[in-house]
Amino acid sequence: MAAAVPSNGDSRPNFHFKEGFKYLKPMALFEEKEVVKICAPMVRYSKHAFRKLVRRYKCDLAFTPMIISDSFVKSIKARDTEFTTSHDDRPLVVQFAAKNSDEFANATEIVAPYSDGVDLNCGCPQRWAMVEGYGACLINKPNLVSDMVSQAKRRVNKENFTVSIKIRIHKDIRDTVEMCRRAEKVGASFITVHGRTKEQRTQPVDLQAIQTIKQAVSIPVVANGDIRSLEDTHRVHEETQVDGVMAARGILANPAMYAGYNETPVECIKDWLDLSLSLGTSFNIFHHHLMFMLEHQLPRVERSVFNSLASTSAVLEFLSTNLGID
């Protein structure tokens with residue numbers, strides 16, 4: 001059963017993790033697997049039910065959506081709505097957008113009992129985020145990033161709890177390498193690299209830059225950007241020798257991609273119905289995930305009809321009538 005973290009920041013859980021649930025924590029995954037397959041932090045979309053779904057299809061590690069650390073620490077409502085989990089929602093990394101060390105460390109301390117690590121967002125290129133001091137603007141503040149990592153590590157002295165960063169690259173890759181080396185020096189567990197600058201959107205991912213970073217540090221490096229299939233996973237690993245890959249749009253369109261499916265199989269859609277409805281997922285998120293999954297499976301007219309549906313009952317009726325999914 002899903003539950004939120006304690007509203008008052010109390011370290012005592014308001015739900016119980018079942019004894020005996022076994023899984024590999026993030027650093028053990030990097031040690032044991034040739035390439036770790038990861039679900040990216042996605043605003044609105046990498047929530048509890050979706051994380052549980054992708055793990056059924058060979059996703060090794062899942063991130064929460066990006067959470068604003070300041071409001072998470074200060075607001076009961078934010079803690080109740082932004083982060084829900086369960087005993088089997090593991091391994092799990094919670095991603096925070098933060099602009100100072102206290103915010104990041106405080107948020108880390110709150111979620112540490114219910115997760116396996118935290119990640120600092122240094123890659124969001126949206127204008128609002130950078131104006132507020134979050135996201136990709138942090139790649140130009142390497143001293144601050146290092147201090148944020150260091151403070152979080154000191155605040156949570158918990159074995160195997162990871163503190164990582166997710167970054168975009170600089171125009172001069174030497175600046176990115178220097179930033180990553182500084183983060184490694186203060187204890188960053190691993191680094192995820194989106195192979196574009198903060199100004200780039202649809203340009204090809206710079207795999208050479210990712211490879212350069214991988215060769216420059218000793219901690220695990222994860223490649224992000226344009227991972228849309230299991231084939232892409234193997235290709236990027238072979239070209240860069242990274243320790244993991246992270247998918248966003250690709251896994252939205254096909255949550256079973258890491259299991260080798262070229263499009264979302266019917267069983268995966270059924271699993272989504274079961275998980276999302278049992279966990280009380282909001283209609284908008286429930287519907288939008290199906291829109292992504294069915295985008296390439298429905299003719300244009302049927303897709304237009306499906307996308308305009310306004311209730312759970314209408315969605316279920318459409319799936320039963322048109323796709324035989326009950």
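Note that Cβ sites are derived from N, Cα and C of the backbone, with glycine treated the same way.
Per TrEMBL, domain 'DUS-like FMN-binding' is recorded for 39-295.
Residues or ranges marked as FMN binding site in TrEMBL: Pro41, Met42, Val43, Gln95, His194, Ala248, Arg249.
TrEMBL lists Cys124 with the feature active site, proton donor. Cys124 (active site, proton donor) is surrounded by 23 other CB atoms, counting those within 10 A of its CB over all protein chains shown.
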Integer Å distance between the CA atoms belonging to Cys124 (active site, proton donor) and Val43 (FMN binding site): 11
Predicted model, mean pLDDT over the domain 'DUS-like FMN-binding' (39-295): 96
Alpha-carbon distance [His194 (FMN binding site); Cys124 (active site, proton donor)] in Å: 10
